[in-house]
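Some features that Swiss-Prot has for this protein:
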type    : residues                                          : note
BINDING : GLY47, GLY48, TYR49, ASP64, PHE91, ASP109, GLN116 : S-adenosyl-L-methionine binding site
Amino acid sequence: MVANPGGGSTDAGGGPVRHIPVLLDEVLAALAPAPGKFILDGTFGAGGYSSAILAAGAEVIALDRDPTAIAAGQAMVAAHGGRLRLVHSQFSHLADHAPQGGLDGVVLDIGVSSMQIDEAERGFSFQKNGPLDMRMSAEGVSAADVVNRAKVADLIRIFHFLGEESQAPRIAHAIEKRRAEKPFETTRDLAGLIELVTPRKMKDKIHPATRVFQALRIFVNDELGELAQALFAAETALKPGGRLVVVTFHSLEDRIVKKFFSDRAGKASGSRHLPVAHERAATFEAVGKPMVSASEAEAEINPRARSAKLRAGLRTYAAAEAADMSLFGFPNLASLGKLGG
């Protein structure tokens, strides 16, 4: 994923950027790839993590929901003599692609890739004019569908929760007024309206469209739901001693990962306001520090690493728990299938 969408060369809303694997040394240390191990890279992208894992002698099953990434990676498949298998799939389905004996490791790098941002026709960037799309694959509802069809109340919830946008009501009402005259079709069209209606004092640090574009991208691709389901899937697919390593770039994503590992540590609630609960068997144990961030040296070389956070867990022998989405407390956002209904 690309951090800080909206400013300079590292934006999820801007660009261009050159893809450099973030926290690569730290990922490899937590993942511990070695000959004979099967590692699943849930976010193949440009193949940065997969390449390093292969260099350590492990076998790699790499997933990506973007068919262009899978097509671009075929030369890499040919170069590694059968040790790399590429699969067009969302990482929430990673358990479907695990070998029968289970996985030795899973690594997830959450969010949009620099390759997607660099292609104006994908509609991720407000600094590159293109169709208002933002889909990581060709399926499902586009950002234009959301902007042109969602109820104002739904737009406010989407912008506020997924983008942490304080001006969500102002922007949503401006969108409603403008789309009644002419629907939004391009990224620059939407970004221009947001810039027009956002108070000048809000424009100091980042482009005013940054948070709205982030929210739309996360919503269109169900990124938080995908992440949550991938964590549950990894719990099922990892063998005892297997490692789950997750790199996030946004506080919403990091909270989900932190909550998952905390819950799977099996400890009972310590709140004096709740009934005493028995401790559950931990399905994950900590690997290294609870959270690892990029060094100043890496951040200087690769600015997208500044907001990156790595969390990792070691799979125990305890049985996987049931996948319960209520663990994360997601709000009730608009249904993709009922926009404008």
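Glycine is no exception: its Cβ is also placed from the backbone N, Cα and C atoms.
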If you rank the binding-site residues GLY47, GLY48 by how many other Cβ atoms lie within 10 Å of their Cβ, the lowest count goes to GLY48
Simplified DSSP label at GLY47 (S-adenosyl-L-methionine binding site) comes out coil
DSSP output for PHE91 (S-adenosyl-L-methionine binding site) maps to helix
Neighbour count check, CB within 10 A, over binding-site residues TYR49, PHE91; minimum at PHE91
Note: in the chain of ASP64 (S-adenosyl-L-methionine binding site), residues six or more apart in sequence with C-beta under 8 angstroms of its C-beta are THR43, PHE44, GLY45, ILE70, GLY73, LEU86, VAL87, HIS88, SER89
